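Here Swiss-Prot flags 123 as active site, phosphoserine intermediate, drawing on sequence analysis. Annotation comment: Swiss-Prot describes 75, 373, 374 as Zn(2+) 2 binding site, evidence class similarity to another entry. Per Swiss-Prot, N-linked glycosylation site is recorded for 268, 401. What Swiss-Prot lists as region 'Disordered' is 1-27. Per Swiss-Prot, the feature topological domain 'Cytoplasmic' maps to 1-33; the stated evidence is experimental evidence. Summarising the annotation, Swiss-Prot assigns transmembrane segment to 34-59.
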């Protein structure tokens, strides 16, 4: 009888392969060999002509022209997410059926997403594939399958004379931004990630601009009187925000000060810049109080303005590399919350459109690439809700009726239950009129729906799950998981120069491994990740905690994600 062993993080997903190496080139057919030979001959001819007429030609690698790259990650956004958001947008804005999103206009290919140890990746391995151009295990942050730090595109760009930035709507220490700017064995090591991002590792500071949430990992646990907030998470007692400012970082942590930067389109930003606008994640777009939290588009406006100004003022600058993440598309997928997800996708599309207009008006060679690390939720825009033959419909208006996320409403309901413990009629009326009718626009709730919510009492995660399912059911939106799926994800791109656009298409058009996206970034910016890898071998990437403390950290991290997924 055959036995089967599940792969561990060190197990090769494909026997005979070594995922810690750069991906091998695809097998070349006879016809392709002929084409390659022809191209080589032409190339040699061009070199000879260049030697004879050196002023007439310039090799790409010797151009030394400024380049800007804005790399977008739509965390957890699969093809169905975009389809759902597009139809929602058409419906709520009374648009024709041929009206599409900005992203739609720039679709060029798709990406395969598996990690080194699973056909279903997580965000850490997915981002490491983009950042290091290699496959690693689920949970890996800027390290290979053997837990060795690997040089990232952002680090290499900084060392090559580019300015660098990271803009997100989750914690700045979360998996995607962390994988470009730090090296740790497991994604939950967010306190260590924060120190790397501020320059406490062999390369020193390599990030010029950090913007997003995650303030809690930058100041001590239990610091009730801290000027930065009331939910510090650091266990080592360090105040990294104070340390950063002492080391020359400009820090902004509230809307008022951010608005002064926004007004000048980032021109009054001083690099290095640290903007942390929430202790944890920035709220979902559907819940976001615009008086308190900046949008992704607003953050991007400031980031682009700051990086462009600094690049123009520095004659030695080669341009900039900026990573922008639509982070919470993923969280809406984990929570199976379609009303939140469509707003997250549309907010990202607005940010993408702003950057597109920036690139179109820039004289500097500029490339935009956007893709996802994976799909989340197993989303389908159809759902069989009866035992009879299924209807071929789904209803965007149900999502339009919802004015808050399940994440927001579970807290609202739990707070009310705690305040009115035992007052069952008050709680029932609150659920009916405040939560269901006012906040979700649901009037056809059943006795069974009410009974379930009442008996869940203060079980926040179960309340969230029930509310989101009530919306999904009525919209006839289906989900297959609270986790990730292995579906291929889309690649979108733009370049503002004709020759550059040809280069983009030659490298990213069609279907690719996610590591090939990382290779494209490396090659376009003329970087060498292997050289950077050699420089960071001594990076501290393991935890200082003993086994008991590590178990506690993992449990804390799992509990955080339990809130997202259940």
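Each Cβ is built from the backbone N, Cα and C atoms, and glycine gets one as well.
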Taken over the topological domain 'Cytoplasmic' (1-33), the predicted model's pLDDT averages 47
Which of 123, 268, 401 (the recorded positions) has the most other Cβ atoms within 10 Å?
123
Non-site residues, in chain order, whose CB comes within 8 A of the mean position of the CB atoms of 75, 373, 374 at Zn(2+) 2
73, 74, 76, 77, 113, 121, 123, 126, 127, 176, 330, 372, 375, 376, 484, 489
Count the other Cβ atoms sitting within 10 Å of the Cβ of residue 75 (Zn(2+) 2 binding site), across every protein chain shown.
27
Of 123, 268, 401, which is closest to residue 373 (Zn(2+) 2 binding site) if I measure between C-alpha atoms? They're all recorded positions.
123
Where the distance is taken from Cα to Cα, which of the recorded positions 268, 374, 401 turns out closest to the residue listed as 'active site, phosphoserine intermediate'?
374
Under 8 Å by Cβ from residue 374 (Zn(2+) 2 binding site), counting only residues of that chain that are 6 or more apart
76, 78, 113, 120, 121, 122, 123, 126, 484, 485, 486, 489
Distance [Cα-Cα, Å, rounded] between residue 401 (N-linked glycosylation site) and residue 75 (Zn(2+) 2 binding site)
25
Rounded to an integer, what is the Cα-Cα distance in Å between residue 75 (Zn(2+) 2 binding site) and residue 268 (N-linked glycosylation site)?
30
